[in-house]
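Reading through the structure tokens given below for one structure.
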Amino acid sequence: MPGVTVKDVNQQEFVRALAAFLKKSGKLKVPEWVDTVKLAKHKELAPYDENWFYTRAASTARHLYLRGGAGVGSMTKIYGGRQRNGVMPSHFSRGSKSVARRVLQALEGLKMVEKDQDWGRKLTPQGQRDLDRIAGQVAAAKKKH
């Protein structure tokens, strides 16, 4: 659909569609440790979904589309959460830096993301085009139903 951007579609449907696209393309470099890692220190278990790396990459690409100029540190803030400390009060805890770094490096390998000259990383024009194309497909599928 012409004129449809990432902002115009449901974020959950878009992230699922982009994750499926990344998995189907087979070009995203997935580390071998993805089945044994926790995503943050406040998490108790590893993710149940075996395709979580594709979902995280899709979510990160969407975040860079909307805001841009985000680095590893800001990604750890986004994917952080509440650390439960037993009888002591809960506090905010950041997400894994290694996971955030590897996701951004994998997206750089696809030429969807590049390092910004100021700080962090930003979406390339090719990456923005891919995300808009997938958003158009999601909107067309939604309109069909």
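A Cβ is built for glycine as well, from the same backbone N, Cα and C atoms used for every other residue.
The following features are taken from Swiss-Prot:
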MOD_RES   K23  N6-acetyllysine
MOD_RES   R67  omega-N-methylarginine
MOD_RES   K111  N6-acetyllysine
MOD_RES   K115  N6-acetyllysine
MOD_RES   K143  N6-succinyllysine
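This view paints the features noted in Swiss-Prot onto the structure.
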residue	record	Cβ neighbours (10 Å)
K23	N6-acetyllysine	16
R67	omega-N-methylarginine	13
K111	N6-acetyllysine	13
K115	N6-acetyllysine	12
K143	N6-succinyllysine	9
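For the recorded site, K111 (N6-acetyllysine), the DSSP three-state label reads coil.
The DSSP secondary structure for K143 (N6-succinyllysine) is helix.
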